[in-house]
Amino acid sequence: MLEDYYQLDNSYYQRGVEDNLYAAKWGMVIEFLNLNDPNLKPVEGVNFALIGFKSDKGVYINHGRVGAVEGPQSIRTQLAKLPWHLGRNVHVFDVGDIDGPNRSLEQLQSSLAKAVKRLRELNLRPIVLGGGHETAYGNYLGLKSSLKPEQELAVINMDAHFDLRPYDQTGPNSGTGFRQMFDETLAQKQVFNYLILGIQEHNNNLFLFDFVAKSKAIQFLTGLDIYQMGHKEVCKVVDAFLADKEQVYLTIDIDCFAAGAAPGVSAIQSLGVDPNLAVLVFQHIAASGKLIGFDVVEVSPPHDIDNHTANLAASFIFYLTQVWAQIHD
């Protein structure tokens, strides 16, 4: 039985007429699934699973603006309003949330990892709704554990921050997840292949740039690089990164986008990546056939304006799944 796992009430989404998909919205089509049902068997075809990670404990520890714990609900609300374009043969299941106000960050990450692994075992493609960016470490652990021990998992992070901070004194938080991945991969005598898109120099100290420079397999583009290059050149960088990789995990930190597009985040930005460009890059990653899971994190509803940020997150899911649904395992 999964710990810290809660199903949604069946009345959460508006139900619709199934045979009228031309007029349907996501909220009318999404189905429910109980991951603790012992009778579940792997599903056939292309199927997605939404799972919320209701925690911003890592943001609190990292001295950020708390509120991302409410992110999953806000993203779901916006996603439910979007038109359904995935046809009859693609299914989206909402399996509920990982939640535990009185549980430690590490316990919740472990619970998320087990849930994500369970989704993979059921042939469901995981889409995790954060939550702070501590979501990423739990998601990564789950995806990695679903692979064979010798298989490596590349990571692409759309983010204004490296999130490679040391954690020996502070403990894990929303800014340490990728350092934890790095250390764990090193301990397994593997290489941590990590590409960050959208780095803002004014948000990262020289210690982090030095750490990246000394590493073997960490690459990045700054937000200004991306602005100058355009999406086609950015996609070439992605292609080069993925050329010798078999699996990739994508994590989207909404604070990569400027406040005009994403005001409701844990760490607000004055500069940021163009969301339209980001959509094209996300779709390109999905089209590679190597994507095995993604998440959208750091949506903080208490700081949002007219649900702009939650709607942006939902839009990314909408456009990314359009391409990912065309990739058959």
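Heads up, the Cβ atoms here are built off N, Cα and C, so glycines get one too.
For the Mn(2+) 1 site that Swiss-Prot gives as His133, Asp159, Asp163, the extra residue drawn from Asp37, Asp253, Asp255, Asp274 is Asp253. Highlighted in sequence order, Ala136, Asn157, Ala160, His161, Ser174, Gly175, Gly177, Phe178, Thr251, Asp255, Cys256, Val297, Glu298 have their Cβ within 8 Å of the centre of the Cβ atoms of His133, Asp159, Asp163, Asp253, the residues recorded for Mn(2+) 1, and are not part of that set.
Around Asp159 (Mn(2+) 1 binding site), taking its Cβ as the centre, 26 other Cβ atoms fall within 10 Å, counting all chains. Least packed by the Cβ count within 10 Å, out of the binding-site residues His133, His161, is His161. For Asp255 (Mn(2+) 2 binding site), the nearest of the binding-site residues His133, Asp159, Asp163 in terms of C-alpha separation is Asp159. The two recorded residues His133 (Mn(2+) 1 binding site) and His161 (Mn(2+) 2 binding site) have their Cα atoms spaced 11 Å from each other.
Around Asp253 (Mn(2+) 1 binding site), taking its Cβ as the centre, 29 other Cβ atoms fall within 10 Å, counting all chains.
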